[in-house]
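Undergrad: Can you read through this structure? Questions will come right after.
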Amino acid sequence: MTYISEITNVMEYEALAKEKLPKMVYDYYASGAEDQWTLQENRNAFSRILFRPRILRDVSKIDMTTTVLGFNISMPIMIAPTAFQKMAHPEGECATARAASAAGTIMTLSSWATSSVEEVSSTGPGIRFFQLYVTKHRNVDAQLVKRAERAGFKAIALTVDTPRLGRREADIKNRFVLPPHLTLKNYEGLYIGKMDKTDDSGLASYVANQIDRSLNWKDVKWLQTITSLPILVKGVLTAEDASLAIQYGAAGIIVSNHGARQLDYVPATVMALEEVVQAAKGRVPVFLDGGVRRGTDVFKALALGASGVFVGRPVPFSLAVDGEAGVRKVLQMLRDEFELTMALSGCRSLKEITRNHIVTHWDTPGAVARL
């Protein structure tokens, strides 16, 4: 078995987490929808982007700092919302919040967290976003958004790709349900039903009963009437929807396929990224969520026009292995790899990372020949 001190890259946490976690929990975090083609593609697509490094550029000083919605962060690497983190570690989302704060970056808390917005806020200072699923109970959603605002959260990440839950066959086989000692903390005391054992995935049944399938663009406007926080639309994969998101007042766009857990055979997020960036035309920042496991991935996303990336699965995996210290190490390894990639590509600041630093297999025929 690999000892924690010997971990040299983010991927190693997944194998260790698999050894440590109950099968139902590991499968919930690790699996994707149906054939899991998009799950593999989220990683594989990065390998079809190669570097065009520039040399002799004096990289003695590297600046990775950036701003997101006006907030200063240490690097363009942030934490995506992942549900049920106390299944991985007793401190769950609170440990993740502390790790993000220590790294000087943003954590996004899931609606389906096993720690409440108030508990996460009480861990100390930090820049935090709140991810929202819109339910059939709009008054509950409004209360939750107001609580997040009061707790000092700085933006709402509205997830828009889940009118129904994708078919996650591992969860169906395992009859996935939240372990009995855990609850959806943000909904405690607000009766909107609970996740029961079923002959299927308990989560899929819960979502079918709770999530509002009628969610549409007008609801982005509705959300703006109940909060002054900026709204990021999470789950955009096309130019058309990027344009609509901006038209309806989004402050930013997160290119995401929900960790390949919704519709299988959609493109990898890094393949969809450039189309969305071009449609946004610089009017709002575009972020990438999905498949990031290396600092090289971060550089590639920025070269394609992303303002930053969100990291998902490595968080619960590292939490399971080593709690807060594991999440800190994931963020540190990604930071170190990204800094090295910048140096070896001849980039001293984020603004120096350009499309000319990479070549992709979906470029011009000449570029494909070069690969």
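Glycine too: its Cβ is placed from the backbone N, Cα and C atoms.
Copied straight from TrEMBL:
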DOMAIN    2-363  domain 'FMN hydroxy acid dehydrogenase'
BINDING   Tyr28, Tyr133, Arg168, Arg261  glyoxylate binding site
BINDING   81-83, Ser110, Gln131, Thr159, Lys234, Ser256, His258, 289-293, 312-313  FMN binding site
ACT_SITE  His258  active site, proton acceptor
Undergrad: Does anything in the same chain, at least 6 positions from His258 (FMN binding site), have a Cβ under 8 Å from its Cβ, and if so what?
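TA: Thr159, Asp161, Thr162, Gly166, Gly235 - these are the non-local Cβ neighbours of His258 (FMN binding site), listed in sequence order.
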Undergrad: Could you check which of the binding-site residues Tyr28, Tyr133, Arg168, Arg261 is the closest Cα neighbour of Lys234 (FMN binding site)?
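TA: That would be Tyr133, nearest by Cα distance.
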Undergrad: Which chain-mates of Pro81 (FMN binding site) that are at least 6 residues away have a CB under 8 A from its CB, listed by sequence?
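TA: Long-range Cβ contacts: Thr108, Leu109, Ser110, Ser111, Ala113, Gln131, Ala157, Thr159, Gly312.
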Undergrad: Would you mind reading off the Cα separation of Tyr28 (glyoxylate binding site) from Ala83 (FMN binding site), to the nearest angstrom?
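TA: Between the alpha carbons of Tyr28 (glyoxylate binding site) and Ala83 (FMN binding site) there are 10 Å.
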Undergrad: From the binding-site residues Ala83, Gly290, Val292, pick the residue whose C-alpha lies nearest to the C-alpha of Tyr133 (glyoxylate binding site).
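TA: The answer is Ala83.
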Undergrad: Counting every protein chain present, what is the number of Cβ atoms, excluding its own, within 10 Å of the Cβ of Ala83 (FMN binding site)?
TA: 20
Undergrad: Does anything in the same chain, at least 6 positions from Arg168 (glyoxylate binding site), have a Cβ under 8 Å from its Cβ, and if so what?
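TA: Same-chain residues close to Arg168 (glyoxylate binding site) (Cβ under 8 Å, separated by 6 or more) are Tyr28, Ser31, Gly32, Ala33, Phe176, Ser201, Ala204, Arg261.
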Undergrad: In the structure shown, which of the binding-site residues Lys234, Arg261 has the fewest other Cβ atoms within 10 Å?
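TA: Among the binding-site residues Lys234, Arg261, the lowest count of other Cβ atoms within 10 Å belongs to Arg261.
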